[in-house]
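S.K.: Got a structure here, written out as structure tokens. Questions coming.
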Amino acid sequence: MILRRVFIAIGCVLFSPLSQANSSLGEVNIELRGNVVDFTCAVVAGDSNKSVNLGTWPTKQLHAAGDATQPVAFSLKLEGCPPGSASITFSGTPAPGTALLALADTAMAQKLAIEIRDGDQRRLPLEQASKAVDIDNNGNATLKFYANYIALADGVQPGLANADATFLINYN
């Protein structure tokens, strides 16, 4: 008899409108999305650990904030890509308050950063995808970029000016 009352009590609670009420307290909705592809692009062997020499520049070339050196062209060649287009997103440590690439060490040149530009020589901020390039019928694509030094403030101080960036291939 007691067992029967327990089942009735549990049934009343389970089917009660209060137990069915939606509460947003402590509720979190997460939506996960992605794609699975048959194959991905590969970076041509010589481009996977690319070194771009930006040259040696006098500080008078970088006298005032915003002054920049001559851009140096470089490209990233992809092969074995799926049909469509590809773009590149560069990542790295940003210079304070900018989307420019910070130098690798604070003991290096001062008040200086590295600007990455797209194939049209427009600034390409870190963490922003470049303009997409069509992949040819053989699955190849070449994406062209430029890089240069840029003064963050007046009075750039001399020294080594190296930085590291990584890139992500985006498929479109």
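Even glycines carry a Cβ here, placed using N, Cα and C.
What you are looking at is a predicted structure, and each value in this text was computed from that prediction instead of being measured.
Quick paste from Swiss-Prot:
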- 1-21: signal peptide (SIGNAL)
- Cys41-Cys81: disulfide bond (DISULFID)
S.K.: Hey, what's the Cβ neighbour count for Cys81 (disulfide bond) at 10 Å?
M.R.: 20
S.K.: Can you count the other CB atoms that lie within 10 A of the CB of Cys41 (disulfide bond)?
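M.R.: Here the count is 20.
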